[in-house]
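K.L.:
Sending over a structure as structure tokens; questions will come in a sec.
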Amino acid sequence: MRAWIFFLLCLAGKTLAAPQEALPDETEVIEDPTTEEPVGANPVQVEVGEFEEPTEDVEEIVAENPCQNHHCKHGKVCEVDDNNSPMCVCQDPSSCPATAGVFEKVCGTDNKTYDSSCHFFATKCTLEGTKKGHKLHLDYIGPCKFIPACLDTELTEFPLRMRDWLKNVLITLYERDEDNNLLTEKQKLKAFPLHPISLLTRSPWPLPWQVKKIHENEKRLEAGDHTVELLARDFEKNYNMYIFPVHWQFGQLDQHPIDGYLSHTELAPLRAPLIPMEHCTTRFFEACDLDNDKYIALEEWASCFGIKER
């Protein structure tokens, strides 16, 4: 439980403290193939040339780099062609920085361990246009290992624990947010969802329970290793306390684009670190996709966590 809360705290803190970063398969970043910067860095610098003439003042000439504002997806780097036009090409996996430890390794859906996410996405890029490349995704953080099958009874218990974790993470953020860097006053106090999709789609979702009210409610179940029976009873008794945390997490993931649907890529920041700790993660999110369209809609997400329409 502590490991879970620590992980989700880091995820939520990073999300709220800085602008949302694009996910690996969706976001484009600047890469300079002549350096060994990690994927996602922007090492391209504007080259400045200076010259002097006897009768004129010193004049600074900026040589524009065509790659300066040209973005490439993870796994690709920007190069200039013969016409001085920028283009994205697959990065050579051997150009990825050397890894510092096992914690940088990732496991692909091909059950192969890659030295880092840089190596994974560079390899995936070389497979573009192939069936294998289309099916290859980053499965989880860490080296590949045996993941036991998720039993039906375990699958039923998973949302009970996750709902409680999301609530506790949000409460902990609220308690630690002394400088108001993690949650804005609007997020702390206003009685409407952080994510606007329910308004855009006119879905009949109830307004979320205010974070402050959840924090101050004496009936709130404190964080701990509770039995599934207790978690189920608390959800039934204090249902309103769980609405906002569930909507909040969806809003943090649905960013590229904000459309009320979670793609495999948008779900990755939550899913990938969870799998090594919770073996029912994959089956749970697959079950959430009720219409099997490879996207989890807001309604499907809420339904997975037991949040009902009104």
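If you go along the chain as it appears here, the first residue is 1 and each next one adds 1.
Even glycines carry a Cβ here, placed using N, Cα and C.
Computed from a predicted structure; not experimentally measured.
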K.L.:
For C107, what is the disulfide-bonded cysteine listed in TrEMBL, choosing from C10, C67, C144, C150?
P.N.:
C144
K.L.:
Pick from C96, C125: the cysteine that TrEMBL pairs with C118 in a disulfide bond.
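P.N.:
Out of the candidates C96, C125, the one TrEMBL links to C118 is C96.
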K.L.:
Please name the cysteine among C67, C72, C280, C288 that TrEMBL pairs with C150 through a disulfide bond.
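P.N.:
Candidates were C67, C72, C280, C288; TrEMBL matches C150 with C280.
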K.L.:
Could you pull the disulfide partner of C90 out of C67, C72, C125, going by TrEMBL?
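P.N.:
Its disulfide partner, as TrEMBL records it, is C125.
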K.L.:
Which candidate, C10, C88, does TrEMBL give as the disulfide partner of C72?
P.N.:
C88
K.L.:
What average pLDDT is reported by the model for the domain 'Kazal-like' (89-146)?
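P.N.:
Mean pLDDT across the domain 'Kazal-like' (89-146) comes out at 93.
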K.L.:
Are there any residues in the same chain, six or more apart in sequence, whose C-beta is under 8 angstroms from the C-beta of C150 (disulfide bond), and if so which?
P.N.:
F158, H279, C280, T282, R283, F284
K.L.:
Starting from the Cβ of C88 (disulfide bond), draw a 10 Å sphere and report how many other Cβ atoms land inside it.
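P.N.:
If we count other Cβ atoms within 10 Å of C88 (disulfide bond), we arrive at 18.
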K.L.:
Rounded to a whole angstrom, what is the C-alpha distance between C118 (disulfide bond) and C125 (disulfide bond)?
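P.N.:
One finds 11 Å between the Cα atoms of these residues.
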K.L.:
Just to verify a number: CA distance, C88 (disulfide bond) to C144 (disulfide bond), in angstrom, no decimals.
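P.N.:
The separation of the Cα atoms works out to 30 Å.
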K.L.:
With an 8 Å cut-off on Cβ-Cβ distance and a minimum sequence separation of at least 6, pull the same-chain contacts of C144 (disulfide bond), or say none.
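P.N.:
Non-local contacts for C144 (disulfide bond): C107, G108, N111, K112, T113.
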